[in-house]
Structures are given as structure tokens and as C-alpha cells.
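As written in TrEMBL, here are the features:
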- 74-337: domain 'ABC transporter' (DOMAIN)
- 454-475: transmembrane segment (TRANSMEM)
- 487-508: transmembrane segment (TRANSMEM)
- 529-558: transmembrane segment (TRANSMEM)
- 564-585: transmembrane segment (TRANSMEM)
- 592-614: transmembrane segment (TRANSMEM)
- 713-734: transmembrane segment (TRANSMEM)
Amino acid sequence: MSGLLHKLSPARRANNSDDLPLFYTDQRNIPKVSFTLAELLTSVEAEQNGQSGAFDIWTTVPSYSMPSPCPFVLSFRDLTYSVKINKKFNPLHYCGNSSFDGDDMEMNTKILLNGISGEAKEGEMMAVLGASGSGKSTLIDALADRIAKESLHGAITLNGEVLESSLHKVISAYVMQDDLLFPMLTVEETLMFSAEFRLPSSLSKKKKQARVQALIDQLGLRNAATTVIGDEGHRGVSGGERRRVSIGIDIIHDPVILFLDEPTSGLDSTSAYMVVKVLQRVAKSGSVVIMSIHQPSYRILGLLDKLLFLSRGNTVYSGSPKDLPRFFSEYGHTIPGNENKTEFALDLIRELEDSPEGTKTLVEFHKQWRAKQTSNQTTRNTNASLKDAINASISREKLVSACRAGPQILPDRSFGGETDLKSTFQTFANPFWTEILVISKRSMLNSRRQPELFGIRLGAVLITGTILATMFWKLDNSPRGVQERLGFFAFAMSTTFYTCAEAIPVFLQERYIFMRETAYNAYRRSSYVLAHTIISLPALVILSATFAATTFFAVGLAGGSEGFFFFFLTILAAFWAGSSFVTFLSGVVSHVMIGFTVVVAILAYFLLFSGFFISRDRIPLYWLWFHYLSLVKYPFEGVLQNEFEDPTKCFVRGIQMFDSSPLGQVPDAVKISLLKSMSGVLGVNVTAETCVTTGVDILKQQGVTEMSKWSCLWITVAWGFLFRVLFYFTLLIGSKNKRR
């Protein structure tokens, strides 16, 4: 590998200033090359494939293999974390016992971490091992700032300074155990979107693509680069390939501290070795790598620098893999020469856990052993200050995406205090509008490859509109026509909201992807909300236009072109409010079936209190507040006014007064005779053609007198914006992604 690093191709030498930045450190003016992740991974691949000329890198000193003059050191001391667990109530315990101690109902405390200490240095890989339930993932979460500060006791420092959450998110990354990916994006597209999120806009698209291509090759994904990720309904990449993609999207930006929870889970031995080999090179390039791993192979063990064995929240061994045989030999359990050292240790720990005394003796022995090892070593604190470590990383382009001022050394005055240190870095790699553009592009691409989802919604609207058009074909202006119009409007408005219920699974499917990406500031929550609002509008416009065009003219609604335009806007506003309401609920409810149940129930209540079944004046006072909260009320009243606002249009004439009564079946001559009698009594001449009820009278009968149709429209639109804002706050509050 060292031979690779002293070569320089003519093309590379000519383009050195663009592709391989050269920096001078300290006062010695010794040239040092800072390798990008893409260059580093490609050189690793060339080494493993035996292709010495595959990628030429030149430097006088191979900086990636030399210790940094100002290394990062992540230290953790006495980390303790416990959770409360309810006791199981056993009624037999209290049979015949009149005394009931209130303490028996207290909660048990389960200790998940019990005074864990250790240190991880830049350029090294620390692996946390242990059986299921030992606390591996809990320790990784604690170090990765995924446990609330008030619940976690102990200290976590970076080069002696407390690592604040804001700085932690900028310089670190966390690879989850589960594969959370968009199913209809290809491997290459998934990594490219991650690069666009996590790398600054100042970096050219060509360089981002080069970094993505290097990751694809190094992770062994070249044959699957153009294959979609897939899910239960779409065939895609294999499980091992999905795992490697999940790792790739979190190391694309070359973090200073990298946490991984079971990165080799689901991989065969060769793929697992390749992944850990990549992580080793990431560490050597200037990162602190800490991972939990399950029974590493002999080859993987040779790549690890430190091991930390846990047993039920306690440390049973911490140190170099080379010292593991001596440790267990002194404990009285010699590791056979032909056996995997970690497998032997894990098996022994399991046996001790099943014994009556548990691993108490091993925990105590480890404390004594570590104390003896420490006493035999000369303790000198040679760690660089956090300022010096960050300056060194900036000079190697390690924090280019985070530093506001770009790749330059930070002056001492920037570190006058903690606040100044945090203000040196920008929270997000890209500006607000760039995030919106990338999120929108990704969502539209994923949706375009699932046309059946929108096709189902469009088909449902088209079928519903066709049924309504044929059922209410060319309604007349009779009393019966008035009732049928009221029924059409009520069903049409409620249909728009029920159609929006299909949007419930959209965010629920993306919830954990969103939480993973925002946990380490890939983008802002506000960018996510605004982007999804923007991309939802075209679909809503198409659905609204389809429904309005299918029903308005076929039913024979009033208003002509102006009436059609308002009807279309009202349908669009109803779709908008319904979509926003359902999106908000998807941020509150975490289960699809529960979400559907809640949406259907609430929409039914909205329809009940809309004013169709019972007018506003007839609603009991204690339910009147729900009438004004009903989303169906405002579009329903708006289209009613659009239909009946003409005061010159008559809907009930003299002879039609009897149509809705038992007298409706008598001959017209009898009806005319009755009208004459009524005229004599009332003193008003009422003939067969006299207009008795206009559209304004119908609006009064329905209680639609408080606001204009345009006010109803704007209130409906405002409801949509309100629910989008509430959705943002649910994301802000409910996606902290931390244990309590």
C-alpha cells in the first residue's frame, strides 16, 4: 500500500490543485496531502484487487498512515444509564394479607449501563462486544448522543472538553442497525442524494459523483448500482447489499466520529470483512470509529484496535485484542491457540452469566487488571486541545462541510468560549432552498416509480365523479332538485376528504428515514415540511380538476364558467385541507391501521357537524364548537352559496309547494284551488307560477348566513396551512430520536 502512495500520474499531477488539495502544516512547511474519502476508498480497492496502477496518489509522506499531530480523543467515564420497569402485580401475594405496602407498587430499576469507561482515539477502531442484552447498542446510543442528558450519568468528552449536542451532530454520524431506505431509488441514486444532503453546495456535482462512485466500488455495489433498493412488493437488491448501502449513506461525508450499530449484520464473512476494512481506512484518514459487532471473524479481529466486552451493563474486558489471551489466562481460563479469541470470550461470559454468581468475579478481576495495567504505564496527558484538533481536521478537509469559513485555520480568538466554538460551525451543510430542492427531487423520483399510488387516487376520484354525475344527472330547479343538490354537495365534499386518507402511509413509511436523516442534521425539518407541501400540490390540482370537470356540468350546477372556477377552487381547497389534516395525523399516530381508524372517525364527525344533517341553528350549544371545527363545514357552505346565491333564481313555485307533502299526489286543479284559498286568507295573490322560495331562502333554511363563499374558501385554505404548521411541530417535538 505504501508503494501506491508514492506514485503520481501525469494527469493527476496536472490537476493536483483541483482534485488533491495540498496543505502545509506547522512551521516546517512539510507538504501533507489530505485524501478525500473517494480517493481513500478507491486506493483501498486497488490494493485489495492487486491493481497497483489502478489509482495513483502522490505525496512525500503517506499522511493517512501517520498519526495526526492533533488527534481527536473521545473519552467516556462512569457512564450509567437505567430505566424504570413496572413490577408485575401478583394478587396471590396479597391473599390473606390485609396489609398492603404501597412500596410494592413501585417500579423496578433496570441498569443498562453500570459505570462504563473507556477511550477511543482518532485512527483507531473500537468494537463493543457482548451477548444480546449486554448493553452494546445502549452504549453506542449513549456515546452518539441518543440518550437524554438528564437520564445518562457520567461524562463524555472530546479532547477533554464536554461534547455538546450541537457540535456532536456536525462532526459525527450514526449508522443504524436497520436498513431505512427509499424502495424505488437505485443504489447510486440513494448515495447521490445522501451526498447532496451531507456535502456542501460549494463542492461541485462532479466531485460528489466521484465520491459516490468510489463508495459504490469499495462497498462492492457496482453490479447493483442501477438496481432499485426494493421492498416487499418490488424486487431489488439483496439484504447484504441493502446493509452496505445503509453504511454508505452515513460515511459519504467523512465524519470525524463514526458510530455503527452492528454494521456487519446480515453480511457474509467476505462482505463483512470488506466493510470493516473500509471502516479501518476511514479511521486512519482521521476518524474515531466505534461500533458494536457480533462475534467478529479472525480476519476482522485483526483489523480492530480496541475491544470492549460488556455483560449485563458491566465491563468485563477493555483493551487491545492482543492482550485478550493474557487477560483470560490470568483469570484462569486459557484461550486455546486454535480457537477464535472473541468466540471463546463470549462463550465464557455466557457461561458465567448463567452461573449463580454471574460475571461478578470477572468484573472485579477486570477492575484489578486495568488498575495494574494503568499503574505500570506512565500517565501523560498528551491530548491536543479541541481547538488544535479541529484546526488540524480543517487543514485536512475533514470539516470543510461544517466550517463556516471554509478550509482555513481558525484563530485562537474563535475559541474564547464554548459558544464561540459552536458558532464556528454551521448546523447544516446546505442552505434552506437547496434542501427543499433535493428533498423534492427525491420524493418525486420515488413517487414517479410508483405510479400505481397516484393512479389509485385518480381512479377513485374519477369513478366517484362518474357515479355522482350519472346519479345526479341534470338536476332541475324543483324542491326535489334542491334536496338532491344538497345531498350531492355533502357527499362530494366528504369524498374529497376521505380520498385524502390514502396519504396516511406516506409519511409513516418515511418516518424512520426522516428521523435518521434529521438526527445528524442532513436537512432541516422545515425544509422537509415545505418540500412535501410543494410536491403535493400538482397532484391535488389534477385530482380537483378531474372531479370538478366530471361532475359540474353533468349535474347541471349553476354559475357557468365563473361558478365552475369557484367549484374547482373549493374542491382544491378541500383536498388541500384534507391532505394537510391527514399529514398532521400521520405525524401524531405511528401505526397505519390506527391512523386509518382515527382519520375515518374524525372525518365522519366533521360531516355530522357540517350543517348538512342538521342546520347550525339546531345543533345543541355544547356541540356548536365542533361545528366550527368541522373541515367539511366551510367548503360545503361555500359551494352552497355558489349554487344558490342568485336571488332571481326560483326553486319553489306556487304549485310546487305541495310536492314535499301528502298533497303532492293530488291533481293540479286541486292544488290551484288550494292556492286561491290561501291567497284569500293571506291577502296575497299566489298563483301556480308565483316564486315562493329563492336560493337565498334556501341558504337561510340551511343556516348559511354568517360568511361569504370566498370567506369559506379562504378559511378552508387556512385550515390546510394550520395543519402543515402543526405537522412541523409534531416533527420538531416527536422526532428527537433519543432515549429517555
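Backbone N, Cα and C define each Cβ position, glycine as well.
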Tertiary contacts of the transmembrane segment (529-558), as residues 6+ beyond its ends and Cβ separation under 8 Å: 435-437, 439-440, 443-444, 447, 454, 457-458, 461-462, 464-466, 468-470, 472-476, 485, 488, 492, 495-496, 499, 507, 564, 567-568, 571-572, 575-576, 579, 583, 642-644, 646, 649, 724, 727-728, 731
The transmembrane segment (487-508) versus listed stretches 454-475, 592-614, 713-734: most Cβ pairs under 8 Å: 592-614
Tertiary contacts of the transmembrane segment (592-614), as residues 6+ beyond its ends and Cβ separation under 8 Å: 486, 489-490, 493-494, 497-498, 501, 504-505, 508, 578, 581-582, 585-586, 623, 626-627, 629-633, 636-637, 702-704
